[in-house]
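> One structure coming up, written as structure tokens, with questions to follow.
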Amino acid sequence: MALRSLVTRKNLPSAFKAATGLGQLRGLQTFSLPDLPYDYGALEPAISGEIMQLHHQKHHQTYITNYNKALEQLNDAIEKGDSAAVVKLQSAIKFNGGGHVNHSIFWKNLAPVREGGGELPHGSLGWAIDADFGSLEKLIQLMNAEGAALQGSGWVWLALDKELKKLVVETTANQDPLVTKGPTLVPLLGIDVWEHAYYLQYKNVRPDYLKNIWKVMNWKYASEVYAKECPSS
């Protein structure tokens, strides 16, 4: 029992457990690659079809494969009472589980132009952006600057802080999910700034990728999440 407490209650936040499936170890499940709601080439010219296919079929799938493997190993370690193995597996679970969580959000954050990609946010989210950042243009400038300045690999997020009841911009390193920055943060938009997200098309010019991704940003999805999480706005 103490070992289970070590894994499920002390080492990882409850929101991360829920997002990554750690709360369901006793009935171990496997995760699979989600289908995209659009064709690989549907985001061109902002993001090439080649990048989308590799990003989805190879990179995201690899995170899922390794995540399922790590969860199976964790389940075995818990059953055996192997505390050293449990501790050793935490980094693999965080990295690969985070990769799965982050990419599952990322695909929903994008939409072809013909399906509303790039259309400006309206309603309560639009008003919140103006209130918390001054304007949409200032928010985009801030997120682009944070994404360009992020050393190595990671993500830049527009989030709702449910405790403060305001929008914030956060960055996370590697595949850390947003919940690692705080359990009250809800991701509205996440931009992948790993090189695999842009290098084939934009080479090492990350700012160009950040500038163009807004042309296919799915603000409708972000607005729906915001309205659900902050219904009084």
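Even glycines carry a Cβ here, placed using N, Cα and C.
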> Pick from His100, His103: which one does Swiss-Prot list with His55, Asp192, His196 for the same Mn(2+) site?
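Of His100, His103, His103 joins His55, Asp192, His196 in the Mn(2+) site that Swiss-Prot records.
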> Select the most exposed residue of His55, His103, His196, where exposure means the fewest other Cβ atoms within 10 Å, treating these as the binding-site residues.
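Taking His55, His103, His196 as the binding-site residues, the minimal 10 Å Cβ count falls on His196.
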> For a quick check of packing: other C-beta atoms within 10 Å of the C-beta of Asp192 (Mn(2+) binding site), how many?
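Neighbour count, Cβ to Cβ under the 10 Å cut-off: 24.
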